[in-house]
Each structure stands twice: as C-alpha cells, then as structure tokens.
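TrEMBL annotations:
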| type | residues | note |
| --- | --- | --- |
| TRANSMEM | 20-38 | transmembrane segment |
| TRANSMEM | 45-62 | transmembrane segment |
| TRANSMEM | 68-89 | transmembrane segment |
| TRANSMEM | 101-120 | transmembrane segment |
| TRANSMEM | 177-197 | transmembrane segment |
| TRANSMEM | 217-240 | transmembrane segment |
| TRANSMEM | 275-300 | transmembrane segment |
| TRANSMEM | 327-345 | transmembrane segment |
| TRANSMEM | 357-378 | transmembrane segment |
| TRANSMEM | 546-566 | transmembrane segment |
| TRANSMEM | 578-598 | transmembrane segment |
| TRANSMEM | 610-631 | transmembrane segment |
| REGION | 648-686 | region 'Disordered' |
Amino acid sequence: MIAVIIASVLLTSCPHVLPFLQQASIAGYPISIFFIVVNEFCERFSYYGMRAVLVLYFKYFLLWDDDFATTIYHTFVALCYLTPILGAIIADSWLGKFKTIVYLSIVYALGQVVMAVSAIHDITDTNRDGTPDNMTLHVALSMLGLILIALGTGGIKPCVAAFGGDQFQDDQEKQRSTFFSIFYLSINAGSLLSTLITPILRAQECGIYTKQECYPLAFGVPAALMVVSLLVFIVGSGMYNKTAPQGNIMVKVCKCIAVSGSSQLITCKYERHEFTIISSLMVLKVLFLYIPLPMFWALFDQQGSRWTLQATTMNGNFVSVSTVNPILILVLVPVVDSIVYPLIAKCRINFTPLKRMNVGMFLAGLAFVAAALVQLQIDKTLPTFPSSTEGQVKFINMINEKVNFTAGDNGISLDPFHLNLGPGANYPISVPDGTRNTIIIVQDAVVYGHINVRTFLNGFHSALNVTLGEEQFGNIVNNNMSQYVNVSQGLAKFQIKNDVGDVCMYEQTLGFGSSFTMVIPSTFCADTIRPIMDISPNSVHMALQIPQYFFMTAGEVVFSVTGLEFSYSQAPSNMKSVLQAGWLLTVAVGNIIVLIVAEAATLEDQWAEYLLFASLLVFVCIVFSFMAYFYKYIDPTKIEAQFTQLDPEEKEKRKSLEMTRKESHGGGRKGSDSSSDNEKVKQTRI
C-alpha cells in the first residue's frame, strides 16, 4: 500500500519519472502489480461487504420472505460467476484487459452507489413513519444495482488476474507464481475485513426523520471502496504492460478449427496481419480438464450454507463461522508457498499443478468426512423432532390433583404440580403434524403453543409485563403464555412488573439452542419462578468444526491458487481472459450441483449427505487423476514464437514458396481467380 501511494504521488507530481517506474521493481516484482493487488483488495472488500448484509436487506428492509430472499440472493451470486465469459470476450476481442477493467469498474461502482441509494428509506417516506411508501421504487433500484454489480464484478474477474500475470516477463515464472498467491491473499483479506466491518455498520442507526438500521452506510462503504479501487487502478496506468486485443478470437478459433478439420497447430492470415492460434489441441484440452472441477466448488460453497446451519446446532461463540475460512487463508497461503512447496521440491517430488489440484480436491473430501463425524456427535444431542406425519406435546399440570387423559389409545397420568390453582377441566386437544407443543393444564382451561424460543407462563392472579433489555414479551394475562421471543445466550436478566407497579427481577442462564418455559407462580417472587426446559442447550462445541475448516481451506489453497496460475500459464496470449472465465464458470456450475444433489438425494440424515458429497468428490479425484496423467504441459509463448519469429532463412524460403505458387498459377490473373490464390496462401497449414 505504501509503495502504491509513493508511486501515485510521483506519477502525478513528476511525470518525467514514468519511464523509470516502468522499469523499476521491488524485490524482483514490477511496481505495477502492487496497484493491481490493492485494486483487488478494495474490490473484494466492496463485493463481500455488500453481500454480507444482502439477505438481511431483502428480509428486513424489502420485507421479502426467507425463501424468496434466498432465491434472489443465489440468482445474483450465480450471475456474478456467469458474466466473466462476457468480460473475457470483450477483453480479448475488442477493448483489451485494461480498458475492460476500467469501463466495467465504472459500471460496478455505479451499481454499488445505486444499492446504497435504494436502502435510504427517507426518499419515499413521505409521512415520516419510518416505512417507505413506495417499496416498488426501492425494489427497482435494488435490482438495477445488483444487475450492474453482477456485470461489473463478473466482467472484471477474469481480466484482473490475467492482467496481473501480463506484468511479468517470460523468465519470471517464480515471481508470477508468487504473485497469484499474493493475489489470492488480497482477495481473502478484503473478504475477512468486510465480513467483520459491514455487519457492524448495518447495526448503526441512521435516518433523517426516523432512525433505523443503517443499510445505506453498510452499502455506502463498499461503494466508496469500489471507487478507491478504480482510482488506484487508473493511477498505475502508465506503468502497466498492456497487451493489445487481437480481434474476435472466438470467431477466429472456430474458423480455423473448421478449416483445419484436425487438432493441429494452425497459422491463419486475415487481411494485412498474421496471428498465431493454438487450436483445439491447446485450448480445448484445458477446458476439457475443467469438466470435473465444479465438484470441488460444490463442496466448498457449502461452508456458507450447510456448515453454517450445522454451527447453529452447536455450542460456542469463539469466532464467527463466516470468518474462519479467510483467517485460515491468510495463514496457510504463505506457509504453503514458502515452506510446504519448497520442502516438496527438495525431496525431488514432481508436484505438478494438476497434482496439486488433485490433492486439493482430496483434502476437501476429507473436510466433508470430518463434517459428517461432527454431525454424528451433534445428532446424539439433538431432541427427537416429529416427522411431517407426527406431532409432539409436553404437558404441564398446574392444578393440585392427578390428571388422567388419553392420547389416541395411550393412557397418561400426570402428578399434581406444586402450585395450587384450583380444580381442572377436560378439553380436547389437537396436535398439528410436524410440530412440538407445550400444553399447560390450568383451572377450567388449557394453554398451549409451539416450542421454538423462550416463553413465560403467567400463574399470577393479574396481568404481568416481562422485559429483557429492549425485548418485550408483551402483556401476559392470568393463566396465559407470552409470545415467543429469541434471547441471546448467556445470563439473561428479566424484569417482571405487575399492575400495581411491583417489580421482580429474575435471572436465568441460557445456552445456545435452548428453549425454556418460565412458570410464574401466584406468589410473584423470583425465588419461586420455575424454569422448565423444553429443549436442552447445544452441547457439542463449535471448536469441533475447526478440522473440517482446516482441511477445506488447505484444499482451497492448493486447488484454487494453483488453478488460477495453471489457467494463465496454459492459455495462449490472446485467450488468457477466456480461460480465466472458464475457470470461474466452474464455481457457478458447482453451486448448481449442490441444488441438484441435495434435491435428488433426499437423505434424512445430514451426515449421510456429507458422506455422499465426499464420495462424489473422491470419485472425481480418481477421474481427474487419469485426465491429468495424459495431459502434456505446454509453453504457449514458445509455441507462438515458432510462428511469429521466423529466422531470415525461413522467411526467404516462405517468400520463395509464395512466389513459385503465384507463377505456377499465373500471377497476373485478375478478379476472382487471383483472390482465390491469395486465400489459399492465407490458409497454409503447418
């Protein structure tokens, strides 16, 4: 960051130092890559920061239900990983990587600004009641902003990494490899900070007329970081090595493959210039290797879904689960790059990129085996929940005599409770399928409800008001239950107030996932309030998830960083962004696989689904091993040089050959015959 600031000052105040900076380097690395790394850090902060609160914005600001909010969220993420193909074609075909990044970053920043504006409730709150009066406008602005962001972030994704690789010379393979590791570090550093900071910004209160959760600030800071990202990238413009686009390469490849009819090296001439293309043997072989890779991302992306849900059934709050992966990335990338790989090299083990990627997938499989083992431990502690055709009920007898009743063909007796509330009565009770219920037997009535959070039962002779901080349990009438309220874990201090103003303080330690019914006696004293545990607290600690996160992150470091480098190194100079986009496309396909497998498998036990995914990935590892065994690594630069840098003798031979062909076909012919002869020369095969 310091190097970038110094270079920026020099460029703006001393333009004559530009030639020096273009040749200068720091520790063997071109200065230009520091602009690119800072640009990527700010962009990733912007993207992940916005995404960290997006579902909450849908649910609590736009008032969408969970299912619809989740659907729009995943549609947006999928779009972000489908648009890289568009950005890659634009970069390699028309604008070049630099202009594509600049133009689409402007679109990106505009989208973030639109999102921030859409979250300002005051712009349509004409009656100043805190609720937007024209929600359609906010929804429209939100969708416009998300579309612009998807086009921007997806469009620049394949270009930035490839553009960074372009800054190195052919003899700087080691520095280029380290750059991709640093590049990946910047991604995760931005992700880590944004997922920590943005939720804090959202929790602030802001507004002109009414104070609410500050979504404009939560979206505005990422928008500001995107503007900074764009400015930093533009400032380094004079120092970049900019590779000019070489025409619509996708069309040319198709034309050459059609003319060739085989997987050979082809030289095609178009109009006044000659370019070299590695045909399907070079490009399609790399794309063919991508076919099994989405399975890795199918497992990897479940960190934000299945593993997060698994954590909700565990005990502990040592760290937010969303930050575990980026923290481990920041630790493991330098360790693997500077310690593990050099040690493997000293052992003279040929640890090729494809072997690394295979090891990464195997580690991800181990992560899901570890997740399955953790899930087995969790399942032992979870209550037995009813199926869709069953119902569960818990009875609390609040009268002073034994109560006999039947449930279907089953007879049940309840001993009297220690409170004396008078004689009871018989009532028919229906228990809905798929629900857990608590039924309280009181004088002349029963009170029942679904168990899911903490509840108060008022056995006092008058109405009571119960509060916990700012949480309100409502006004509880005699012999009735309060509304259900979610309460943070830890020591909860409840304030109970009756009609005449008497106050009773009650403390209860609440564990993760626990559910209580607090019975308030007629004596109105905290000492006699009786807590009844409906669901016991989670007892399996979140620390048991550390091994699965470690294996998954180690797999990501070995797989993803290597994949970025491999996609760049094996791509022709005019298709590097295209192959980077193909690499990113595997992420989108991986998310689709999750939906397909999860729906098709219909497994009742979560641990079984984890093992299913692990088994599928192990199978993919075996298939990928065979594919990698037959793959031959190439150096696109050397191959292209064979066609673009002919020695003088070869050039003379080619010139003589062309003159001979012209003479043999009557070089003075005109019209279509001459054009036909020239076309034959243009399509000479090698």
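The backbone N, Cα and C atoms fix where each Cβ goes, and this holds for glycine too.
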Touch test for the transmembrane segment (357-378) and the transmembrane segment (610-631), at least 3 Cβ pairs under 8 Å: yes
Positions on the same chain near the transmembrane segment (217-240), where near means CB under 8 A and six or more residues out: 4, 7-8, 11-12, 18, 21-22, 30-32, 34-36, 38-43, 45-47, 49-50, 53, 57, 98, 101-102, 105-106, 108-109, 112-113, 115-116, 118-119, 163, 167, 194, 197-199, 201-202, 204, 206
Sequence-remote partners of the transmembrane segment (546-566) [C-beta within less than 8 Å, at least six residues beyond its ends]: 161, 176-177, 180-181, 183-184, 293, 296, 299-300, 303, 307, 324-325, 328-329, 332-333, 336, 353-354, 356-357, 359-364, 366-368, 370-371, 374, 580, 583
